[in-house]
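*Asks:* My structure is below; once you've seen it, I'll send some questions.
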Amino acid sequence: MTETLPPVTESAVALQAEVTQRELFEFVLNDPLLASSLYINIALAGLSILLFVFMTRGLDDPRAKLIAVSTILVPVVSIASYTGLASGLTISVLEMPAGHFAEGSSVMLGGEEVDGVVTMWGRYLTWALSTPMILLALGLLAGSNATKLFTAITFDIAMCVTGLAAALTTSSHLMRWFWYAISCACFLVVLYILLVEWAQDAKAAGTADMFNTLKLLTVVMWLGYPIVWALGVEGIAVLPVGVTSWGYSFLDIVAKYIFAFLLLNYLTSNESVVSGSILDVPSASGTPADD
């Protein structure tokens, strides 16, 4: 018995046929606010990579080097991600479900009106790769153990993936917000580890002063992301796509590049404070355990 698929709607056919990367690329270029939010970040990420590599060139301790590498990877991921957005590779046009504030919206692409809103889903890929690096650097600075690091990083990735699901779900308005709630629940786990567990570890490790500064910066900035999501085109659509993109880009600038500079500046001046074992593995200079 042959099972037939439901007919494809005319709008779906038009969307598949008309929306190309080239049109999305030109859409970005033709919106100064949107374009600046992406290209400025590409430039800042590139400059940050060069600066951070120069700053950390003299590090010798394995733990300090691991913190440095994980921190430098943040702008490395960002420059690739923002290039994907600027090129139209990681942007789509999605029709919002019934009940969504942007239901029935359309966008001009290639001189024609296309049903849907522009969704910059590539940002979620960025966060899924860059935020674990931020947490790895923070956890190592705090002198945390492998269990807490694993917990924070895995829940962080879950937060990003479920956030992506919330952005891409078009079957139900309610399901979008359900995914959003799951993402926020995962975020609460990350916040607990940052604010409670790692704060205690950092105090014992002697890095509490810098950790607390970076912790507060990270928590305040990261709390801004779900707020921008809720207010932007993916949530209640109060903010247009250009403003939404700049909201995310501003948060990225502070939560990534400024965060990384502060951490690496501290690291290069206090290498002996963070030196020692990596995770739970004793360093080569450590005293072996008794048999």
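Going from the start of the chain as shown, residues are counted 1 onward.
Cβ coordinates are placed from backbone N, Cα and C, and glycine is handled just like the others.
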*Asks:* Using the topological domain names from Swiss-Prot, determine whether Val28 and Ala199 lie on a common side of the membrane.
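*Replies:* Judging by the topology that Swiss-Prot records, the two residues are on different membrane sides.
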*Asks:* May I ask which of the stretches 31-56, 121-142, 146-169, 208-231, 241-269 has the most CB pairs under 8 A with the transmembrane segment (63-86)?
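*Replies:* It is 121-142, which has the most Cβ pairs under 8 Å.
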*Asks:* Give me the non-local Cβ neighbours of Lys256 (N6-(retinylidene)lysine): same chain, 6+ apart in sequence, Cβ-Cβ under 8 Å, ordered along the sequence.
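*Replies:* Same-chain residues close to Lys256 (N6-(retinylidene)lysine) (Cβ under 8 Å, separated by 6 or more) are Ser48, Val74, Pro75, Ser78, Ser130, Ile134.
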*Asks:* Of the listed stretches 31-56, 173-195, 241-269, which one has the most C-beta pairs under 8 A with the transmembrane segment (208-231)?
*Replies:* 241-269
